[in-house]
Amino acid sequence: MQEIVQGPATDGGGSDLDVPAIVWLAWSLAVGIPLMLGGIRLSRLTTGAAIGTALALCIWASFVNALSAGGISDVLLMILCMGAFVCGFVIGVFNFARAIGIAALAALGGLSVGVRIILLRPGLLIPDPFWPNWLIIAVLGAVTLLLAIFRQRASIVICSAAVGTFLTFLGIDLIINKQAGMSMGLRHLFDTNSAHIQYFVEHHYSPPILTEILLGVSLVLIPILAYGQHRFFKQPFKRVRSWTLDSRTLGEDVDP
């Protein structure tokens, strides 16, 4: 049997409050708070943030799962992820990417809720077998995607609140618990790299009580903030004067 060389499980998150950790913390709050409080009002900024976040997540997950035991520096991986976010954000502010941005926001909304449910328990919600955790996340993502098709406004306010609360409370958790809270749980959930097995055997996910409280509060706030956005921001996400293909396929709220 061939021995698998083990590495340090590089994730780009840094340690304590070093430069990568501070960048992730600041990014989480800078993106999360506006989405949480007014995603339905921010229009192109919301679609830009959604595409950028989705691309950053894909880059991060790809690297942590594909790297060899040698790993990569936290600073470099952080730069790659932030670069992906900026590129996605720029694309998302243009009108041609609007539908993609709404779909990305919907998928991220369901994913963010599912991930928090999985992270509530030590060792993740279902430690063994592992795949039901991702089944739960996939089902929630599918539900929010369907919501985007049939009830776009509801999807945007709910998923803006969901993604916003996830990122905001991730930032708060990074301040309080640093890499021992939600950050560690995300690594256990997303990282299936065989070169990182030993690291995760030695570093179990056991969320501090404050992390569990933050996860619970962030979930409770989703319907409250979504309803608040719906009540305070009456304007459609984007005014459309005709029954276009774009509005039909995404359940657009249109002016009569």
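Any Cβ shown, glycine's included, is placed from N, Cα and C.
TrEMBL: automatically predicted annotations, no manual curation.
Residues or ranges marked as domain 'TM7S3/TM198-like' by TrEMBL: 27-227. Confidence across the domain 'TM7S3/TM198-like' (27-227), taken as the mean pLDDT and rounded to a whole number, stands at 93.
Sequence-distant contacts of the transmembrane segment (21-38) (same chain, at least 6 residues past either end, Cβ-Cβ under 8 Å): 12-15, 45-46, 49, 52-53, 78, 82, 85, 160-161, 163-172, 174-175, 178-179, 221, 225, 229, 233. Per TrEMBL, transmembrane segment is recorded for 21-38 (among others).
Per TrEMBL, the feature transmembrane segment maps to 45-63 (among others).
For 75-94 (among others), the entry in TrEMBL reads transmembrane segment. Listed by sequence, the residues of this chain that lie at least six past the ends of the transmembrane segment (75-94) yet keep a Cβ under 8 A from its Cβ atoms are 10-14, 19-20, 23-24, 27, 44-45, 47-56, 58-60, 63-64, 100-101, 104.
Summarising the annotation, TrEMBL assigns transmembrane segment to 99-119 (among others).
Residues annotated as transmembrane segment in TrEMBL: 131-150 (among others). Away from its own ends, the transmembrane segment (131-150) comes close to residues 102-103, 105-107, 109-111, 113-115, 117-118, 124-125, 156, 158-159, 162, 189, 249-251 of its chain (Cβ-Cβ under 8 Å, at least six residues beyond either end).
The transmembrane segment feature in TrEMBL is assigned to 157-176 (among others).
Tertiary neighbourhood of the transmembrane segment (209-228): same-chain residues 36-37, 113, 116-117, 119-120, 157-158, 160-162, 164-166, 168-169, 172-173, 176-177, 181-182, 185, selected by CB-CB distance under 8 Å and a gap of 6+ residues from either end. For 209-228 (among others), the entry in TrEMBL reads transmembrane segment.
Same-chain neighbours of the transmembrane segment (157-176): 21, 24-26, 28-29, 31-40, 46, 50, 53, 105-106, 108-110, 112-113, 115-116, 144, 147-148, 182-183, 210-211, 214-215, 217-219, 221-223, 225-227, 229-230, counting only residues six or more beyond its ends whose CB sits under 8 Å from a CB of the stretch.
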